[in-house]
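Chemist: The structure follows.
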Amino acid sequence: MDPSIFSCNASSYDLPTFLLTGFPGLEASHHWVSIPINLICIISILGNSTILFLICTDPSLHEAMFIFLSVLAASDLGLCASTFPTMVQLFWLGARELSLDLCAAQMFFIHAFTYVESGVLLAMAFDRFVAIRDPLHYASVLTHSTMAKIGAGILVRAAILNIPGPVLLKRLTFPPVSILSHCYCLHCDLVGLACSDAKNNSFFGLVSILLFLGIDSTLIIVSYVLILHTVLGIASPEGRFKALNTCVSHLCIVLIFYMPKLGLSILHRVEKHTYPALAVLMANLHFLVPPFMNPIIYCIKSKQIRQGLLRRFWQKRVETS
């Protein structure tokens, strides 16, 4: 392939093509290397689909915490659907090429579902605070109407923060062929490949991240500070332990959601070029681990979820017998 087509000095920018990147140095073993990643994707889809179906069909789970969990499962499914196709395309079919329109669409959905998940985690932190601070009025505070408004706000915010990205991206010029850093399209990656001035795109990305990671993570921390203050005011040790135990699942999911982002950011700044395959693996796990772990954590920690699964399993056995 002519090296000039990767350069901004190339004469044609009409229909840029983006090349997905797998594991550098392991191209011959992509099928084998990708097997664990594909298994994680499949288990994530099955796990979140099960959680979503169970909560939607079991009236005993129509409480605020589980309704938020169902939205979290739906966003995880959306995230898997946004990343899995290009992984299969690259690792199993050997197809690397994406058009600008497809790349921009994938970028939008990846970031949008990530923002939805962050918003749901913040809503779940508020849910835990209300449940511990004022359990007697929990049902009256978090009514179905209130949860619908919170859910609508989360979706509207995700759309508003992400619609400008593809629009601004279409105004940029790119070389005829650009090599992406991952096996999917991300805003920061695409902006870095542009030949034209991308200051507006970079500013939009910075503002979006601050309104997403900055505000959400800060408010989650504030919620847990208030929760801890409330728990310390409970007289009995058993009561304090019981109250904190209701937050374990959510706290684990928060850490699983935010820690890979921090680790990937550090890796990109320190060892990205030294260990490129590790950087790609971390980038993939960054989007795959939360959808994979969320159903497992709630199945282990939530008695209601376990009982709902057992009821469904027992009902199925009765029907088949």
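Even glycines carry a Cβ here, placed using N, Cα and C.
Just lifted these from TrEMBL, have a look:
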- 35-55: transmembrane segment (TRANSMEM)
- 47-298: domain 'G-protein coupled receptors family 1 profile' (DOMAIN)
- 67-92: transmembrane segment (TRANSMEM)
- 104-126: transmembrane segment (TRANSMEM)
- 138-160: transmembrane segment (TRANSMEM)
- 203-227: transmembrane segment (TRANSMEM)
- 239-258: transmembrane segment (TRANSMEM)
- 278-300: transmembrane segment (TRANSMEM)
Chemist: Taking contact to mean three or more C-beta pairs under 8 angstroms, with sequence separation of 6 or more, is the transmembrane segment (35-55) in contact with the transmembrane segment (239-258)?
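Modeler: These two segments do not touch.
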Chemist: Six or more residues beyond either end and a Cβ under 8 Å away: which residues meet both conditions relative to the transmembrane segment (104-126)?
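Modeler: Long-range Cβ neighbours of the transmembrane segment (104-126): 65, 68-69, 71-72, 75-76, 78-79, 81-83, 86, 98, 150-151, 153-155, 157-159, 161-163, 165-166, 169-170, 184-187, 190, 208, 212-213, 216, 219-220, 223-224, 250, 253-254, 257, 287, 290.
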Chemist: Need a quick answer: max count of Cβ pairs under 8 Å to the transmembrane segment (278-300), which of 67-92, 138-160, 203-227 is it?
Modeler: 67-92
